[in-house]
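Copied over from TrEMBL, here are the features:
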TRANSMEM  12-34  transmembrane segment
TRANSMEM  54-80  transmembrane segment
TRANSMEM  101-122  transmembrane segment
TRANSMEM  128-148  transmembrane segment
Amino acid sequence: MKINVLLKVSWLVISLFILFGMFLPLFTLERFYFLENQVSLVSIVIDLFKEKQLILFLAIFIFSIVIPVFKLSLIFVILFSSISSHRKAQYIKLLQILGKWSMLDVFIVAIMLVTIKFGVIANVSVHVGLYLFTCGVVGSMLLTQLLSMSQDKPNINS
């Protein structure tokens, strides 16, 4: 019973971290001391789409938005619905496969920071969104591991 509550609370906290991390500013670009631009993950995706940078748009959209939301949805189904243990095991296996790609979303954001830092004359200030998003991604990896370890234990949903 206690592990179930811990897993559910962890899912909620991780979900909030990832969702807030997507919408809160990741960093601020300051150019020439008078031009400032705060950037969030969602604003980056929207700007890339508007600028028709489709390959970058798809890469960031899929790895930094779609996959984390899909993983959170799968974990939600595992924790909050009454599905068979066979189906649960299948979902956990899928989460483990996706987990191998989990840090790619944080890596993409880091590459964006480095590119901006070295590509233009700009000062980059990191904000809470980047920390929340990173903690959410790492947390979802840990939660997947906990689900995998508790998979054989009964009453994960009670």
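Glycine is treated like the rest: Cβ placed from N, Cα and C.
Counting same-chain residues at least six beyond the ends of the transmembrane segment (54-80), those with a Cβ under 8 angstroms from any Cβ of the stretch are 4, 7-8, 11, 14-15, 18, 22, 41-42, 44-45, 48, 88, 91-92, 94-95, 98-99, 101-102, 104-105, 108-109, 112, 133, 136-137, 140, 143-144, 147, 156-157. Using a Cβ-Cβ cut-off under 8 Å and counting only residues 6 or more beyond its ends in the same chain, the transmembrane segment (128-148) has close neighbours at 3, 7, 10-11, 13-27, 40-41, 64, 68, 71-72, 75, 78-79, 92, 95-96, 99, 102-103, 105-106, 109, 156.
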